[in-house]
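Heads up, the thing below is written out as structure tokens.
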Amino acid sequence: MPTPTRGSGTSPGRKASACTPRSCLSQNRGVSASGHPSRPAWWVAGVVAGGAGLAASYFAAMVMSIRESPVVAVAELIIKLTPGPIAEKAISIVGQRDKPLLVTGILVGLALVFALTGGLARRSWWLTMVGVGSVSLLGGVAVVVQHGSESTDLIPVVVGFVAWVVCLSVLTESLRSGERDASVSGTATGPDQPGGLPRRGFLVGAGLVAAASVGVAVLGRVIGRGRRQVEAARRLLRLQGVSAPEPPPGVSLDVAGITSWQTPNDDFYLIHTVLIPPAIDPKDWRLRIHGMVEREVVLTYEDLMDRELTEGWVTLNCVSNPVGGDLIGNAWWSGVRTADLLAEAGVKDGADAVLQTSDDGWTCGTPVAALTDDRNAMLAVGMNGEALPIEHGFPVRTLVPGLYGFVSACKWVVDWEVTSFSEFSAFWTDRGWSEQAPVKIASRIDVPRDGDEVDAGDVRVGGMAWAQHTGIGAVEVSVDGGAWQPAEIASATNIDSWVQWTANVAVEKGNHILRVRATDSDGLVQTGAVADVIPDGATGWHQVSVQVT
């Protein structure tokens, strides 16, 4: 009985195949005669992974409303660097199709580079990283040199780099697995057998990555188009009754390194639960006021802007702000008083809460009393003299002085249900936070910073203090737990804004601990008891350690 050739896949009684592992490439597409996955498979992995990186960077650029994706930034850099005669010659040949053709050429070139990185991954992962890093660096340079660019414009480049590397690593690992299996068996097996290139696994993986890349790119385009349209509408808005911010005299102290009394919009802290902030066209915005009211009210943006606006300086802080933290800011807000809107709806007896709902589904419960008393609670449409930024709630958000944001500051607000606290549980209360949360007295040392070295003698200490809707009455500092010394307080424009403070303290050489505490205008002293931010805000005295030389 003839003996079957080992690895030939024949059975007893059948004639053994005349081919050998090195000559059976036709039986194992995707596997070379050496038993290794063929080069085209590695090239495909490189192209698919690179495409994923491009899609991810484009998506990030669109979500962040960055005007140009990295690819477009590279195209514009090429245009800037192209000599005039060459540019004119190109235009004379292709006409107005020059820019689309340039972008197409860049994409084709990138596809070749992607394939090259896939091929390099077969031999050296570090050479691959050099290639990936070089392309990403080029994209970063192109972004940075654009007019008006900011450091955050580099985020899409970083996102694309990470997506490229991760996808390339995943896809090439399946190819390496095929090589290892082939090396161990010493043969090139069929395409569906464990020892050869796992065709189905690789093709499925590459297909999924490619499909996801297309989906991400399409989603980015949809989001980007909507955000660009809304951002354009926002820029064109001319808000009647919204005035430019003018900080009152005396609110700022001449202390180097202290936090600015007014917080610019770009520096104002951002906390929200949504991954992509809603982009709402003002003409599509509606607010429905219903529930325990005499009459339901539905407001459009135009309705709101036809009303008398109120304005004021209000400090807003997040309940997640730790002792000494920076999740706080002070801005000039413009809007319509919430008390007037609720009076128009007619709040019924027994109602003690308004369940606010954002366009993204986020909810918070706000006391009716805080929305209807004499504080400057408003539906805000303006921030620091301009329409609200999209990330801060454009076109309309709620602002209630004296309450932490998680129980009051509903961004992209679209629904008010007048009800009772006993009838609902809001987003953060479902997660263990308090139902009601008035702002606590707090203070912070801005200068010197923790760990700073200072000269012996009188040291200038300064920082911020706040107790919204009550106001700050005094600030004191202490050295190494000693007696509290009074600090100078800047003028307070109203009880809803923070204040700057400063003091000179005498210190000798060595390590020292500086502490600060505040007292509100009602005489309540800030507690030194340390408490976590959960469930209703952190407490404790802020302190810094300094080295005196």
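The backbone N, Cα and C atoms fix where each Cβ goes, glycine too.
Because TrEMBL annotations are produced automatically, they should be read as predictions rather than curated entries.
Record features, source TrEMBL:
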COMPBIAS  1-11  compositional bias 'Polar residues'
DOMAIN    278-422  domain 'Oxidoreductase molybdopterin-binding'
REGION    1-23  region 'Disordered'
TRANSMEM  41-61  transmembrane segment
TRANSMEM  101-119  transmembrane segment
TRANSMEM  125-145  transmembrane segment
TRANSMEM  154-171  transmembrane segment
TRANSMEM  202-224  transmembrane segment
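Ranked by the number of CB pairs under 8 Å to the transmembrane segment (125-145), the listed stretches 41-61, 101-119, 154-171, 202-224 are led by 154-171. Taking Cβ pairs closer than 8 Å, the transmembrane segment (202-224) reaches residues 30, 41, 44-45, 48-49, 51-52, 54-56, 58-63, 65, 167, 170-171, 174-175, 178, 276, 279 in its own chain, all 6 or more past its ends. Proximity of distant same-chain residues to the transmembrane segment (154-171), defined by a Cβ-Cβ separation under 8 Å and at least 6 residues beyond the stretch ends, is recorded for 45-46, 48-50, 52-61, 64, 66, 69-70, 117-118, 121, 128-129, 132-133, 136, 139-140, 143-144, 202, 205-206, 209. With helix defined as DSSP H, G or I and strand as E or B, the domain 'Oxidoreductase molybdopterin-binding' (278-422) counts 29 helix, 61 strand, 55 coil.
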